[in-house]
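What TrEMBL says about this protein:
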BINDING   Arg57, Asp114, Glu115, Ser116, Lys156, Gly173, Asp174, His251, Ser252  substrate binding site
BINDING   His127, His152, Asp153, His225, His251, Asp284  Fe cation binding site
Amino acid sequence: MTILIEQPEFEGGIGERNKGPVDENELVLDGGFVVPETMPDEGFVAPDTNSFGHTFRDYHVESERQNGVEEFYRTNHINQTVDFVRRMGEEYGKLNKVEMSIWECCELLNEFVDESDPDLDEPQIEHLLQTAEAIRKDYPDEDWLHLTGLIHDLGKVLLHPAFGELPQWAVVGDTFPVGCAYDESIVHHKYFLENPDYKNPVYNTKYGLYSEGCGLDNVLMSWGHDDYMYLVAKENKSTLPSAGLFIIRYHSFYALHRADAYKHLMNEEDIENLKWLKIFNKYDLYSKSKVRIDVEEVKPYYLSLIKKYFPTKLKW
């Protein structure tokens, strides 16, 4: 069951937020970075650099980590095929790996660092809480959005042995549709040349397997933590709003929410939910920092939200 929520107003900004003095010791959206300017028309400020001193999502700057990120995307783009995505959906759609709570999953995820992310080398629970707390500060009345911030990356437990210990290229990284042409805005697009689907005439046109306005729910996305967590939430009857489920499923779909690619496949509900995803993305990206969160201090609040929107135990 899902519920619809009132969509935000976007004229003259993206909604009302709490304004007040900034405490240098608390988590703010810019994660403690010096902020040189305001992002145009977005209503809040964001940093120019990530935890490594580089521009956010800069996949071309020379560094040892960047070389690893590029190799990750080479492998990802070669292997994410229609057949692979369908096979993974069938296998993990059984939800027969583990039974555990949302918070237990948060703690389990703390063991991993995302190799595809050029902006972050901290355990994942740090990023989850940074994102959730930044959203909570600016949108205090949207508790579903706070919880979405906390759980959006929980699908990365696919890296754990209990879930099959999938390789990182099958779990993390930017997602994209399969079964149609790969848009050139996708990071490291050149490596799709080696994907078996690239020259398949059934898959390599603008629409491929799909049609105008068919809705993203009918589009196969590259397999990873986004689709898996969406599947877990949906099949376990989460009562998160449809916008929350949309954020979970498409938060790594940067070709859409940063480059406006693939909009020809969207339906009206997708268009409305995309507004919330674009709000969320700023927090997902720019709240990555070295600022630490006191887990025990915020834990009771998030446990109350989990109880509100999820069953006690979930099938994974």
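Cβ coordinates come from backbone N, Cα and C, glycine included.
Just so you know, TrEMBL annotations never went through curation; they're auto-generated.
This view paints the features noted in TrEMBL onto the structure.
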residue: His127; record: Fe cation binding site; Cβ within 10 Å: 24
residue: His152; record: Fe cation binding site; Cβ within 10 Å: 26
residue: Asp153; record: Fe cation binding site; Cβ within 10 Å: 25
residue: Lys156; record: substrate binding site; Cβ within 10 Å: 27
residue: Asp174; record: substrate binding site; Cβ within 10 Å: 22
residue: His225; record: Fe cation binding site; Cβ within 10 Å: 27
residue: His251; record: Fe cation binding site; Cβ within 10 Å: 24
residue: Ser252; record: substrate binding site; Cβ within 10 Å: 25
residue: Asp284; record: Fe cation binding site; Cβ within 10 Å: 23
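Within 10 Å of Lys156 (substrate binding site), judged by CA to CA distance, lie the following binding-site residues from the set His127, His225, His251, Asp284: His225. Spacing of His225 (Fe cation binding site) relative to Ser252 (substrate binding site) is 9 Å (Cα to Cα, whole number).
Using a 10 Å Cα-Cα cut-off around Asp174 (substrate binding site), the binding-site residues His152, His251, Asp284 reduce to His251.
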